Amino acid sequence: MSVSLVVIRLELAEHSPVPAGFGFSAAAGEMSDEEIKKTTLASAVACLEGKSPGEKVAIIHQHLGRREMTDVIIETMKSNPDELKTTVEERKSSEASPTAQRSKDHSKECINAAPDSPSKQLPDQISFFSGNPSVEIVHGIMHLYKTNKMTSLKEDVRRSAMLCILTVPAAMTSHDLMKFVAPFNEVIEQMKIIRDSTPNQYMVLIKFRAQADADSFYMTCNGRQFNSIEDDVCQLVYVERAEVLKSEDGASLPVMDLTELPKCTVCLERMDESVNGILTTLCNHSFHSQCLQRWDDTTCPVCRYCQTPEPVEENKCFECGVQENLWICLICGHIGCGRYVSRHAYKHFEETQHTYAMQLTNHRVWDYAGDNYVHRLVASKTDGKIVQYECEGDTCQEEKIDALQLEYSYLLTSQLESQRIYWENKIVRIEKDTAEEINNMKTKFKETIEKCDNLEHKLNDLLKEKQSVERKCTQLNTKVAKLTNELKEEQEMNKCLRANQVLLQNKLKEEERVLKETCDQKDLQITEIQEQLRDVMFYLETQQKINHLPAETRQEIQEGQINIAMASASSPASSGGSGKLPSRKGRSKRGK
């Protein structure tokens, strides 16, 4: 269960005294008084900041509205008499300090001066205090706010050690109130009885020594009757903060996260939905539900706004639905609109020959045959003309009565006959239309049954086809899954083969390069070997030739010398012949 904590703000006039010990805050241990006041007046300071004095006064007056400051009586009752005595002395000293100081100074002057006479020894001014010392009277307005955030009633949640009894009947005296709270006298720290301009009731603030004591009092006394005779009950709320502010500080301006509780116009009590049910009317005025139940009128108690809508005519034309200028047939009860709207009443006369129709607004009867009003006209017995009939009581003649009865009988007979013919024809038409409609419905019913049968056959075929398609789809899904796995395997294998192919290509290129280098080396070696072989063959051939020469020639070759000229290239013919043999000789010589 959750409740809303309340904030009590006492807005004082400019020259009103400040009540002693009125301030209270449940969060006093968490925040200092300056921080609490700064937080409270934050929105008011923001609203009044940068405004001229005239604009500030206008804003304050606008929020104050028609509320007037009145005398607020605060009576304090403490459990300890010594504390009450100390408070009274503080009040006496604060209120009478200027007078007491002046009387003290004057008495000193009188003592220091020479006493000429006994009367000069007495002081001119003597300070005194009149009235009940525990009662304070201030001038202002009492504001009651509730927090927009709900607070739980669990034991581990911080609420407040101060409770407020919103409405105490004026017939209940202070002695009766003390009897009501007698079981909790030991845990009550102080009580403040607040009386403002609200008649026949007052408010009580009760401060306990601890929150647990306040919770116990709340659970015990909330919703409990003050006595067994009266119906008034104790309405308790937790007080989060009680503060005193001056009007020029913006005390009447709205407070952030708080909603001011209005007064019920009927009972003049504060309206709190957590305590009593609140009913808001169509004109946006709120009252206690019980108070509005006692209000016998259907209008709003404040503005006299009618809460229930006016009754609307339910009659309307049977053909077009118009609700104006309606006529009802006196024979069959058909309602139709007049000739100045859509003429449905006259069309009904043309169809049924029902002569008489009555206007619903003024109950005047119209005769369509005679084309005039007949609500006070009868036919004369002598000439049959229509004359106005006025009943004169006992002076009415029997002949006129007989004529009227006879004419009424004729009229009733003719109308009943025409009505019988009309309704018989209508019944025949209705039967004919009903028979045709029944035949049409039977035909449609047969067609619908055939369509349903065809649809059932189609549905069965489609279900079978669906089953076969589902089987095929299942098989295809299996194949697709298998092919997907094979595809993944082939892709992995292809990936591996590509990697191996790249490695083999690199190896092949390396082998080709090595082979090419080897071939080049072999070719070079072969070329060198061929040259060596050619030299060897040339040497052997030369040696053989030299061996076949005579000894003298061999001797000459051995002793011979080979001279290579510088210009051997320019004369190849001369050097070729002479150089060949020496070369051979040299070789043969080297061989030997």
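In case you wondered, yes, glycine gets a Cβ from its N, Cα and C as well.
Quick look at what Swiss-Prot lists:
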- C317, C320, C337, H344: Zn(2+) 1 binding site (BINDING)
- C329, C332, H348, H354: Zn(2+) 2 binding site (BINDING)
- 429-537: coiled coil (COILED)
- 80-94: compositional bias 'Basic and acidic residues' (COMPBIAS)
- 582-592: compositional bias 'Basic residues' (COMPBIAS)
- S52: phosphoserine (MOD_RES)
- S97: phosphoserine (MOD_RES)
- S117: phosphoserine (MOD_RES)
- S119: phosphoserine (MOD_RES)
- 78-124: region 'Disordered' (REGION)
- 565-592: region 'Disordered' (REGION)
- 264-304: zinc finger (ZN_FING)
- 301-393: zinc finger (ZN_FING)
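Taking the mean position of the Cβ atoms of C329, C332, H348, H354 as the Zn(2+) 2 site, the remaining same-chain residues with a Cβ inside 8 Å of that point are L330, I331, G333, H334, F349, T352, A357.
Among the recorded positions S52, C329, C332, H354, the residue whose Cα lies closest in space to that of C320 (Zn(2+) 1 binding site) is C329. Here the binding-site residues are C317, C320, C332, and the one with the most other Cβ atoms within 10 Å of its Cβ is C317. Distance between Cα atoms for C317 (Zn(2+) 1 binding site) and H348 (Zn(2+) 2 binding site): 11 Å, as a whole number. Close to S52 (phosphoserine), meaning Cα to Cα within 10 A, are none of the binding-site residues out of C329, C337, H344, H348, H354. The separation of C329 (Zn(2+) 2 binding site) from H344 (Zn(2+) 1 binding site), Cα to Cα, is 11 Å. Across the structure, C329 (Zn(2+) 2 binding site) and C337 (Zn(2+) 1 binding site) are spaced 11 Å apart at their Cα atoms. A coil conformation is recorded for H354 (Zn(2+) 2 binding site) in the three-state DSSP classification, outside any helix or strand.
Taking Cβ-Cβ distances under 8 Å and a sequence separation of 6 or more, the neighbours of C337 (Zn(2+) 1 binding site) in its chain are C317, E319, C320, V322, E324, N325, L326, W327, R343, H344, A345. The Zn(2+) 1 site is defined by C317, C320, C337, H344, and by the 8 Å test on Cβ atoms against their centroid, the other residues of the chain that qualify are K316, F318, E319, G321, V322, L326, G336, V341, S342, R343, A345. Sequence-distant contacts (6 or more apart, same chain, Cβ under 8 Å) of H348 (Zn(2+) 2 binding site) comprise C329, H334, G336, H354. The secondary structure of H344 (Zn(2+) 1 binding site), as reduced to three states from DSSP, is helical. Note on H344 (Zn(2+) 1 binding site): other Cβ atoms within 10 Å of its Cβ, all shown chains, come to 20.
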